[in-house]
């Protein structure tokens, strides 16, 4: 009897298994390096400074527990359940696809912001390799605007770190009556290097960014703890730290303070940017992420508090040196506050401050690159970082 074998040509080849993290620690450290970064080291101190120090800490912690941690858990669960990137994860609710696209666009916009901060920190990194830290003394070109901590009458003057940042790094001018001028070639070169660092970390997707996360998640804490030990031992530092923790109770009724606190939580934890959904999509479907989320959000808040203690400790020291009793007016607030307080702390080291200046300058840069690493989104877009698509 002749046997006839019928083969079906419609059978689909076995699908390639989905790419996953090498182990659970890679996911944990990647989320830590994403959430614990510029939002804590750079943004939290100046937002707290603008909103009354201790007055801001209370609503920040409340918003972290009531809003930040639940939303963080929601995004991690969504990404792990669907196994897809931020855009395709919302296929379950087509009406919300616009939200997903908006998150991608918001992330793309923040990339340019992060990379610019990286350029500034790399500029400090290059300056720290000299035989003397350029922000440790007053320059003749700054005239009488500078105080070195030894002058009898320092009222109304600025520290060398502040003048160096404003005049030598940013090249600020009083007005733009003569035009915007040409781009500074040093900052342009640092910006190009920043993008090369980002590309190097992302070149192989999670295989490279997962391994880099071990360094990016631990290194910032080493530098922060060293700076904290130095900051709290400076004369007058305790006054600044008290200002940081002592709330002005009536300001808690100010809705703008609460608005700033909620905004800081979203910025610090990197929630609602779609990046956590993409990260979690590489997880094992059955992974219990609750403990990871508790660890990450706790470390995020602790990092912010440490950064605040460093910054306000330095402000307390500057207030004593300048004879200014109002810590809130000792320096100009704003986005450049961290670039004044951290270098000021490093310049106070008596022995080889360059040994710490270089790691500090690289610390925010590594945090920024870890934040941008989250923009790798192969699920919805193919094997390319979203950062390269915009």
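Including glycine, each Cβ sits where the backbone N, Cα and C put it.
In TrEMBL, annotation is done automatically, which means it is predicted and not curated.
The following features are taken from TrEMBL:
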| type | residues | note |
| --- | --- | --- |
| TRANSMEM | 21-42 | transmembrane segment |
| BINDING | 36, 40, 268 | Na(+) binding site |
| TRANSMEM | 54-74 | transmembrane segment |
| TRANSMEM | 95-115 | transmembrane segment |
| DISULFID | 138-146 | disulfide bond |
| TRANSMEM | 185-206 | transmembrane segment |
| TRANSMEM | 218-245 | transmembrane segment |
| TRANSMEM | 257-281 | transmembrane segment |
| TRANSMEM | 293-315 | transmembrane segment |
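Recorded stretches compared: 54-74, 95-115, 218-245, 257-281, 293-315; the one with the most Cβ pairs under 8 Å to the transmembrane segment (21-42) is 293-315.
Counting Cβ pairs under 8 Å to the transmembrane segment (257-281), the top-ranked stretch among 54-74, 218-245, 293-315 is 54-74. The Cβ of residue 146 (disulfide bond) has 21 other Cβ atoms within 10 Å, all protein chains considered. Long-range C-beta contacts of residue 40 (Na(+) binding site), restricted to its own chain and to partners at least six residues apart, with a cutoff below 8 Å, comprise 268, 300, 303, 304, 307. Taking the mean position of the Cβ atoms of 36, 40, 268 as the Na(+) site, the remaining residues of that chain whose Cβ falls within 8 Å of it are 35, 37, 38, 39, 41, 44, 269, 300, 301, 303, 304, 307. Looking at 36, 138, the recorded positions in this record, the fewest other C-beta atoms within 10 angstroms of the C-beta turn up around 138. The distance from the Cα of residue 146 (disulfide bond) to the Cα of residue 36 (Na(+) binding site) comes to 34 Å. In this structure, the C-alpha atom of residue 36 (Na(+) binding site) lies 34 angstrom from that of residue 138 (disulfide bond).
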